[in-house]
Structures are given as C-alpha cells and as structure tokens.
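> Straight out of Swiss-Prot:
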MOD_RES   79  phosphoserine
MOD_RES   93  phosphoserine
MOD_RES   94  phosphoserine
MOD_RES   95  phosphoserine
MOD_RES   96  phosphoserine
MOD_RES   97  phosphoserine
MOD_RES   98  phosphoserine
MOD_RES   99  phosphoserine
REGION    138-197  region '10 X 6 AA tandem repeats'
REPEAT    144-149  repeat '2'
REPEAT    150-155  repeat '3'
REPEAT    168-173  repeat '6'
REPEAT    180-185  repeat '8'
REPEAT    192-197  repeat '10'
SIGNAL    1-15  signal peptide
C-alpha cells in the first residue's frame, strides 16, 4: 500500500510540471497575440493616435505585467527543476525518504495555486486594458466623423450660396430690364400725347394782344371790382375790326366773362364832374 501511494504521488508530481509548462506556453501565445493586435492598433493612421500620457501609462502597465509573467515563468522553471531533482532522489532513495517527499509536495501545490491566481489576474488586467484602448479609439473615430460631417455641411452651405448668387444677379438684371421697358413705354406714351395735343404756337401776333389783355383784366375784376366810372370808360373803348381776325374763331378774341353796360353808368358819363366845395372856389 505504501508503495502504491508513493508511486501515485510521484506520478502526480511528474504530471504537474507538464501542465504548468502547457499553461506557460498558452500564456506566451496569448501574450504574443495580444502584442500583435496592439501593434496593429498602433499602426493605424496618425489622426487616430492616442494621447501620449495615456499611451505611456498603458505601456508601463504592460511592462509590469510582462515582468510578472517572466517571474512566474522563472519560478515555474525552478519548481520544475526542483521536482525533477526530487524525483531522481526519490528513485534512488529508500522508503524512508517518502515522508520527506510528501512534505515537499504540499508546499509545491500551494505555490502552483498562487501562480494560477496571478495568471488569472494578469489576463483580466490585459483584457481591461484592451477594452480601454478600443473604447478610446471608438471615441476618436466618432469625433473625427462628427468633424467631417460638420465640414461637409459647411461646404454644402457654401456651394448653395455660390449657386444662389447667379440667381440673384439674374433677378436684378430682369428688374433692370423691366424698369427700362417701363421707361421706354412712358416715353412713347409722352411722345404720342405730344402728337395728339400739339403745343400752341409761340409766334407773336400783335392783333391778339388786346383780347388777351381784356381776359386778364376780367380775371382781375373778379377779384377787385371796378367803380362805375371805370366800367364806363372801359366799355366805351372801341374794339378792333373783326375783319383782321377772320382766320381765327371769335372765342379767342373776346373774354369769357363779358361786362354789360348799365344805363346809370351811361348817364353818369355825360354829367359834369365838379368838386364838392365848388361854391367856395373863386372864378377868375
């Protein structure tokens, strides 16, 4: 029974280093894959580069993790060597050394548990760092996309303004043409009116001077009426012969407002005019 127990312990001790080596190899491959992915991320264009401080902190954390992994590997190698030497000693030693080997196997199991826990922690930290890097990259991409959309909107607005300027110029030209056409039509209408209503001739006719004076005098009389004597004197004046004005109608020669003679005015013209104090005057 003791021999069976010893053989089982030896087989377990020999099998454990191989599992640790496999775990170490798998951790190395994962680290290489993560490093390759990080390199691909770093190879992206310059406008997607992260802030220097943030990148430096990430690199420091990575270096610490790699140092911890190296320490774990060294401890695993040393433990494997120790186990190999112990197995060689167990083969050469007698049954008295079985108790000592069992005592040595117990602390080696605790060390392996600690190593496994450290590896799990390192993997968790690496995954967290990768997530942070991806999140920062997504934020930068979103900001760049927003800037590109704003620039595109500004360019579209500028193009719309440039396209609108010719239309405004056309509208101004059309308005100017309409105003010119309106002015031309007004000038044409004025010329037609001048043709249908010609101006009075500006030639001087001396025979027509007296009717014009009579018309002006009648307008003044409407404002300031004359006395009876003045009316009589004005009515006695002889009119020129109408034979001289045969080429023109009669309404051009006589005023529109005719002044009729009253009998009192005619009688007053034949009375002698004397001053009121004629009795006191001395006759020479």
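If you go along the chain as it appears here, the first residue is 1 and each next one adds 1.
Any Cβ shown, glycine's included, is placed from N, Cα and C.
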> Summarise the model confidence on the region '10 X 6 AA tandem repeats' (138-197) as a single mean pLDDT, whole number.
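Here the predicted model's pLDDT, averaged over the region '10 X 6 AA tandem repeats' (138-197), is 80.
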> Determine the Cβ neighbour count for residue 79 (phosphoserine): the number of other Cβ atoms within 10 Å of its Cβ.
18
